[in-house]
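Visitor: Sharing a structure, written as structure tokens. Questions coming.
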Amino acid sequence: MRVSGPRHRSGRRGGVSLVALVAFGVAGVPFLVHVFGVLNGYFGQDDFILTYRAAHGAVYDPGFLFQDYSGHLQPGSFFYAWLVTSLAPLNFTVAVVPLLVVHAVTLWLCWRVLTLLFGVRWAVLVPFALFAASPLILFPTVWWAYSLQLLPVLLALFGALYAQVRYLDSGAWWYAALGVLWTAVGLAFYEKAALIPAVLFAVTVFRGPREEGAIVGALSRHRWVWLGYLVVLGGYLGLYLALTDTPANAEPVSSRDVLTFVYRSVVDTFLPGLFGGPLTEPAGGAAWVTPPLVVRVGAVLVAVGVVVASVVRSRRGALLPWVFLGLYLAVDLALVAGTRLGVLGPAIGTDPRYLADVVPVAVLCGAFAFFGGNREETETREGDGRRGVGRRMPVAVVGVCVVLVAGGVASFVRVAPALQFREAREYVATARAALAEQPGMVLFDTGVPGAIMIDWFVADAFTSRVVGLVPESPRFDRPAEELYQLDGNGTPQPVINLDDPTRALPGPEPDCGYLVGEEPVRIPMEDTVSGRRIVRIGYYTGDSGEGTVTVGDTRVRVRFTEGLHVVHIVASGVYAHVEIRRTLRVAPLCVTDVTVGLPG
């Protein structure tokens with residue numbers, strides 16, 4: 001079925017190349033600033049978990065690709081993490097450059113979609129600038145783990161939009177199939193790609209004829225297309241419910257908390273960020289400080305003015321796009337409120353990660369509200385505008401774009417350092433220098449500062465996740481005479497004192513303690529020990545050779561060295577004794593003392 005002819009084939013007339021050149025600048029300036037900000041960043045927080053699991057996972061293992069990660073099902077992200085980790089472990093440049101390419105392609109596709117829908121005109125530069133320079137997108141995508149979610153979904157959204165518009169223009173089924181494929185790709189990275197079909201349906205309705213029953217008509221005319229999307233979404237939902245523990249608020253959420261969250265999300269974060277704000281400082285993590293009152297009030301007034309102006313210009317035609325934007329925003333906020341609000345509180349409304357996907361939807365809805373949706377309406381207004389405004393339109397549009405780009409870039413530069421994770425970069429660099437100077441160093445795997453990985457990650461917030469993949473190949477929790485741990489700066493410090501010590505009972509052999517001969521010896525402790533601890537064993541022997549130490553759940557092979565020495569074992573479990581066995585080729589050894597504890 002052919003729906004209508006291709007749109008806006010007159011776009012190559014005079015002045016078009018200048019519009020395209022300005023569009024290149026509108027996208028290029030914030031993109032280059034973003035590239036600079038990203039390349040001066042480093043891994044942090046979740047990034048280290050993704051790379052660690054990628055290094056210890058197999059790409060052919062569904063359990064690795066489809067693992068539940070904090071309620072997210074993102075096989076595409078884990079495949080990408082596995083790929084870059086296999087090529088260059090913990091190399092930040094290798095990890096981010098492909099994502100920067102994805103960002104660039106997304107900007108190009110956004111421009112193509114806008115010009116396909118509304119023609120190559122000066123006014124289209126304004127919504128394009130809103131998307132290209134939005135700090136709601138630029139800021140959180142400095143964080144590698146989040147850019148792995150959002151950027152592929154934005155690419156999938158505009159790829160699906162481009163395919164849908166071409167399908168509507170030509171009726172060719174392969175464009176519709178391509179849109180479904182784009183959506184499936186987005187779902188592999190982030191569950192919010194499930195909202196892409198809703199955006200495509202809205203665009204189909206907006207672009208259709210102004211008549212009663214337009215929504216029903218869009219459903220019936222393209223029912224096979226929507227059926228394809230339903231199949232993909234149904235399959236994804238089945239996988240999601242089967243493989244993840246759907247996150248939900250553990251505690252009841254009050255209506256006051258919900259209202260505060262909605263207010264902070266819309267007034268403090270979304271509207272200022274949409275119009276080039278927030279012109280404020282980072283607030284920790286991916287959040288930013290509440291913008292000044294003048295910024296918030298100004299953003300609300302601009303939003304109201306835009307809606308009113310679109311209604312004056314397009315009358316009833318402007319209402320449906322704004323209604324859809326409101327519904328999309330409501331769904332977005334409901335998803336966050338239902339899963340994160342009870343855990344993090346209303347302050348989560350200041351985190352732009354939860355609103356970044358609304359930006360392209362707002363851009364599209366605003367453009368439809370101003371320019372209209374159907375082909376004849378758009379071309380008529382474009383022609384009238386070219387005849388009536390002369391040089392005023394380019395000057396006004398460029399002025400608005402300059403303000404949007406300048407505001408977005410200024411805001412990004414102020415908040416970006418919060419997600420560049422410079423502390424993590426310095427921590428890893430310090431550790432690498434020490435490991436290179438003393439190869440073979442054994443590290444006790446312990447916690448890291450919260451600026452590198454918050455304790456929310458529990459067992460994953462450990463040194464091995466942060467520096468375990470560096471080229472110097474550090475060794476963790478191995479039996480060693482000298483054991484070190486990294487301090488808060490990444491500098492190795494020798495483990496000398498053990499806090500909260502539990503010692504072995506005195507041995508029966510004078511001047512020896514416990515004599516380990518042909519049979520294994522159990523050395524009783526003065527009390528039962530539980531948990532992960534360091535076991536320090538003092539011994540002496542007249543020969544060097546192998547032996548075995550068993551403590552709780554831990555059993556390790558140890559090399560005993562001739563003379564008076566100590567060996568450190570990292571053990572876990574519950575235990576009241578330490579068992580030591582030597583090979584028969586080793587002379588008997590004396591265990592003088594055993595102390596269990598944690599580094600002081």
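In case you wondered, yes, glycine gets a Cβ from its N, Cα and C as well.
The transmembrane segment annotation in TrEMBL covers 21-43, 79-101, 113-137, 143-165, 172-189, 195-212, 224-243, 293-312, 319-342, 354-372, 393-413.
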Visitor: Which range wins on Cβ pairs under 8 Å with the transmembrane segment (143-165): 79-101, 172-189, 224-243?
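Guide: By Cβ pairs under 8 Å, 172-189 leads among 79-101, 172-189, 224-243.
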Visitor: Any contact between the transmembrane segment (113-137) and the transmembrane segment (319-342)? By contact I mean 3+ C-beta pairs closer than 8 Å, pairs at least 6 apart along the chain.
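Guide: They do not touch: fewer than three Cβ pairs between the two stretches lie under 8 Å.
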Visitor: Below 8 angstroms Cβ to Cβ, which residues of this chain, lying six or more residues outside the transmembrane segment (21-43), approach it?
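Guide: Same-chain contacts beyond the ends: 51, 90, 92-93, 95-96, 100, 103-104, 107-108, 111, 125, 128-129, 132-133, 138, 141-144, 147, 398, 401, 405, 408-409, 412-413, 416, 419-422, 424-425, 428.
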Visitor: Near the transmembrane segment (79-101), which same-chain residues lie under 8 Å Cβ to Cβ, leaving out any that are not at least 6 residues past its ends?
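Guide: Tertiary neighbours of the transmembrane segment (79-101) are 34-35, 38-39, 41-43, 50-51, 53-55, 57, 59, 64-65, 141, 144, 147-148, 151, 188, 428, 469-471.
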Visitor: Cβ under 8 Å, sequence separation of at least 6 from the ends of the transmembrane segment (354-372): give me the contacting residues as numbers and ranges.
Guide: 110, 114, 117-118, 123-124, 127-128, 130-131, 134, 136-137, 140-141, 150, 153-154, 157-158, 161, 192, 195, 199, 202-203, 206, 265, 269-270, 273-274, 306-307, 309-311, 313-314, 317-318, 321-322, 324-325, 328-329, 332-333, 336, 340, 348, 378, 381
